[in-house]
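Enquirer: Can you keep this structure in mind? I'll have questions shortly.
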Amino acid sequence: MRTGLESGTYLRFPVRPSLLKEKANYQTCSPLEDMMKVTVLALSSCLAWLCQAKPSFPEQEMDPAYWNSMAQNTLKNALALEHLNRNVANNLILFLGDGMGIPTVTAARILKGQLSGHSGEETELEMDKFPYLALSKTYNTDAQVADSAGTATAYLCGVKANEGTVGVSAAAMRSQCNTTAGNEVTSILKWAKDAGKSVGIVTTTRVNHATPSAAYAHCVDRDWFSDGEMPTEALEAGCKDIARQLMENIPNIDVIMGGGRKYMYPKNTSDVEYPGERKHMGTRKDGRNLVKEWRERMKGQRGHYVWNRKDLLALNPHKVDYLLGLFEPGDLPYDLDRNTETEPSLTEMVEVAIKILRKNKNGFYLLVEGGRIDHGHHDGKAKQALHEAVEMDRAIGRAGLMTSIHDTLTVVTADHSHVFNFGGYTTRGNSIFGLAPMVSDVDQKPFTAILYGNGPGFKMVNGVRENVSTIDYSENNYRAQAAVPLSMETHGGEDVAVFSKGPMAHLLHGVREQNYIPHAMAYAACIGQNTRHCRSVNSAPPSALPVLSSLGALLILTQLLC
Ligand SMILES: [Zn+2]
């Protein structure tokens with residue numbers, strides 16, 4: 001609800017210069033001061049008048065016909081959904097925006113529009129075009145506000161789990177190696193592989209980070225990236241690091257792309273891209289070179305390893321059956337900071353992945369993670385986070401052009417939200433990184449529309465809140481103000497959106513537990529534990545039914561005639 005603040009604190013509508021002049025004349029100043037003030041006021045209000053004489057939105061929006069016709073079109077599209085797409089999904093794609101809560105989706109939409117010169121609010125993200133929507137309850141079994149490991153186990157393995165653990169049920173306890181055995185749960189990526197599909201993982205984080213690792217690993221600690229990060233007791237008790245599990249658990253993952261090179265090489269091995277830099281050196285204590293092992297295993301199987309954009313884009317996907325792409329020692333850089341010569345974008349990685357995977361007639365399962373939306377928010381750097389989200393949306397659009405809703409179920413969701421938000425009665429078309437159009441009526445200072453509930457953006461200058469108009473708040477690494485100081489901003493606890501399109505996309509609707517997602521996706525693709533419906537006549541793709549029935553009619557007619 002809007003309050004008197006809106007009309008009392010700032011002027012939303014232009015004020016005629018003559019009125020300001022009148023007001024100025026009542027002030028008790030010297031005649032010269034008076035004259036100067038009046039001139040300045042008259043000039044500035046004249047400028048304001050010129051700028052605001054036109055509405056701040058497209059003129060067509062004043063016409064009810066514009067809104068009525070748009071709504072009628074939307075209604076027509078909604079009515080078309082009465083004919084459900086019950087095809088079998090040959091292909092499954094899951095786009096996971098790490099930390100992409102609903103405020104992030106809305107802000108990314110506005111940013112996308114503003115990047116192409118529009119006011120932004122009316123823009124459609126690629127995910128906005130998906131016909132079905134659900135809300136996912138993200139809590140972990142032991143946490144109200146979730147982390148990315150327990151949630152990954154939910155939306156990949158179909159089972160809710162404890163925070164910090166991947167690919168194990170809630171009977172396994174974080175960091176307790178001896179609770180692993182017997183509590184492993186498998187992922188939809190494995191169900192797809194077992195059903196003869198090709199499978200792929202593409203991420204902007206390390207390939208052994210929380211989200212992708214739940215697709216192939218069973219680990220009670222998400223931070224056990226290599227044995228170099230593991231406690232000796234856990235190693236002695238037989239627990240395996242996540243990089244090793246990537247190579248051993250499902251040995252023929254067709255496409256793996258992301259960062260995380262250093263976890264594949266023996267300790268102190270110099271990195272190919274950053275030779276001699278200590279922080280980028282190999283971390284493995286067991287002396288194994290997992291990249292070399294992978295290359296040897298793939299010899300004669302059209303397997304390729306690449307570590308830079310040039311080599312990736314030089315590949316002919318028709319001649320590649322297995323691809324390991326490790327583009328950084330750790331996570332990939334933020335898209336805004338990316339060296340476009342050496343580092344591939346998420347969209348480029350997705351395009352190559354689909355070209356390789358779709359060669360399999362049995363179809364594919366692809367997990368794509370926009371993993372650094374989360375990191376941008378943790379840093380309080382909203383601009384980085386939102387550009388990551390816009391880039392993931394671009395990848396969703398590219399995947400949409402390369403696949404068909406007749407045989408590909410695409411789902412877009414997040415693991416959890418963040419304490420990120422934007423507000424402040426900003427006007428239409430206001431830069432998403434801009435200021436609210438008023439100052440605080442408590443400390444008399446301006447504030448940005450984007451704010452965090454907590455995080456590193458909390459800042460006091462001389463005991464009071466920093467005046468943001470004295471700094472560059474539109475800079476890439478600007479940290480938006482936070483209410484509570486924390487070195488790392490936290491996740492948010494509210495539900496996240498699940499967008500879906502393609503065969504059986506309608507199964508993803510309503511407010512659902514997060515672990516339902518892979519169950520619905522597997523059902524649509526006739527893989528995993530529930531495939532009875534696939535054997536019945538009704539499950540034949542609708543497109544095949546008219547052909548079958550015409551053949552049947554022809555057969556009956558032939559018998560009648562003979
Ligand atoms: Zn996070």
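Positions of Cβ are set from backbone N, Cα and C atoms, glycine also.
Straight from TrEMBL, here's the annotation block:
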- Ser148: active site, phosphoserine intermediate (ACT_SITE)
- Asp98, His209, Thr211, Glu369: Mg(2+) binding site (BINDING)
- Asp98, Asp374, His378, Asp415, His416, His491: Zn(2+) binding site (BINDING)
Enquirer: So what sits near Glu369 (Mg(2+) binding site) in its own chain, CB-to-CB under 8 Å and at least six residues off in sequence?
Expert: Phe95, Leu96, Gly97, Asp98, Ile201, Val202, Thr203, Thr204, Thr205, Thr211, Pro212, Gly258
Enquirer: Quick one: which of the binding-site residues (His209, Thr211, Glu369, Asp374, Asp415, His416) have their CB closer than 6 Å to ligand 1?
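Expert: Cβ under 6 Å from ligand 1: Asp374.
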Enquirer: Do you know offhand how many angstrom separate Asp374 (Zn(2+) binding site) and Ser148 (active site, phosphoserine intermediate) by C-alpha?
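Expert: Computed Cα spacing between Asp374 (Zn(2+) binding site) and Ser148 (active site, phosphoserine intermediate) is 9 Å.
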Enquirer: Within its own chain, what residues at least 6 apart in sequence put their Cβ under 8 Å from the Cβ of Asp415 (Zn(2+) binding site), listed in sequence order?
Expert: Leu96, Asp98, Gly99, Thr138, Ala146, Ser148, Thr151, Ala152, Tyr155, Thr211, Val496, Gln514
Enquirer: What Cα-Cα separation, expressed in whole Å, is found between His416 (Zn(2+) binding site) and His209 (Mg(2+) binding site)?
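Expert: That comes out at 16 Å between the alpha carbons.
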Enquirer: Might you list, by sequence position, any residue in that chain lying six or more from His378 (Zn(2+) binding site) with a Cβ less than 8 Å away from its Cβ?
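Expert: In sequence order, Gly99, His418, Gly455, Met488, Glu489 meet the Cβ cut-off.
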Enquirer: Only counting partners 6 or more residues apart, tell me which same-chain residues put their Cβ under 8 Å from the Cβ of His491 (Zn(2+) binding site).
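Expert: Result: Gly99, Val145, Ala146, Asp147, His416, Ser417, His418, Val419.
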Enquirer: What other residues of the same chain, not counting Asp98, His209, Thr211, Glu369, have a CB atom within 8 A of the CB centroid of the Mg(2+) site?
Expert: Leu96, Ser148, Ala152, Thr203, Thr204, Thr205, Ala210, Pro212, Gly370, Gly371, Asp374, Asp415
Enquirer: Please list, in sequence order, the residues in the chain of His209 (Mg(2+) binding site) that are at least six apart in sequence and whose C-beta is under 8 Å away from its C-beta.
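Expert: Listed in sequence order: Ser148, Thr203, Arg222, Phe225, Gly258, Gly260, Asp331, Gly371.
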Enquirer: Which one of these binding-site residues has the most other Cβ atoms within 10 Å of its own Cβ: Asp98, Asp374?
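Expert: Checking each of Asp98, Asp374, the winner is Asp98.
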